[in-house]
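This report refers to the structure that appears directly beneath it.
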Amino acid sequence: MNDQRKGDHAEPTTHFGYQDVPESQKAKKVAEVFHSVAAKYDLMNDVLSGGMHRLWKRFTIELSGVRAGNRVLDIAGGTGDLAAKFSRLVGPTGQVVLADINESMLKVGRDRLLDRGVAGNIEFVQADAEKLPFPDNHFDCVTIAFGLRNVTHKDEAIRSMLRVLKPGGRLLVLEFSKPTNKLMSKAYDAYSFAFMPLAGKLITNDSESYRYLAESIRMHPDQETLKAMMVEAGFDRVTYHNMTSGIVAVHRGIKP
């Protein structure tokens, strides 16, 4: 975040992709992006990742340790990929809360899971990750997949996730990160800034949202920085696993 001020009463700014915008405007701009892409979000995930997002999410679920009877919160749950799998794991004695700040994404997720008949133990909640509307010490596991980079105050969101976890509960953060290989990094940059906006234009008639996606990935904290943020928030035993040469990383932390 850029806290420089143009005057004594100027609003702090933050990044929206590569742009500096007033903090109060970022959530609105992010909402516009996801209202635009919600209907074809799943298709674009498959196109842009070559289906790899399914493997990344599967590994995240394996790391979560979720079992029957658990209570799970999936933040920025969108179209419900993780929630559907957690629903089967926790069974009829457990509960999954699919939370998303974006009404369009939440509607797509709700409709999709209801159509698949897997929403019996899933609750759908419109919620801000920075101000989660849940009791303290409530969940066995909290996940956020490809959502943290869109949050204005990431530190506040991580503290909010810690608060709602039970002692011993796990936080899993699956997010785009920094490639560990220089050659891969160069190829990924070319892919991100050429192919992603083009695919967005062809499939959703919206290149700008996918340009924002590419830029937001570059502005997100790298693996070690995010690990330090989780430790600072109060998590123990924070580790991360790189996937696809660090293009994606999953961080895990335990609430003391």
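Using the three backbone atoms N, Cα and C, a Cβ is placed for every residue, glycine included.
According to Swiss-Prot, the S-adenosyl-L-methionine binding site annotation covers T79, D100, D128, A129, on the basis of sequence analysis. The Cβ of A129 (S-adenosyl-L-methionine binding site) has I75, A76, A99, I101, I144, G147, L148, V151, A157, S160, M161 as same-chain neighbours under 8 Å, each 6 or more residues away in sequence.
Sequence annotations record features per position, and here Swiss-Prot assigns compositional bias 'Basic and acidic residues' to 1-12.
Among the features that Swiss-Prot reports, region 'Disordered' is placed at 1-22.
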Restricting to the record's S-adenosyl-L-methionine-binding residues (T79, D100, D128, A129), give me the longest CA-CA distance in Å as a whole number.
17
Cβ-based isolation winner (fewest other Cβ atoms within 10 Å) among the binding-site residues D100, D128:
D128
May I ask which residues of the same chain, at least 6 positions away in sequence, place their Cβ under 8 angstroms from the Cβ of T79 (S-adenosyl-L-methionine binding site)?
A38, Y41, D42, M105, V108, G109, R112
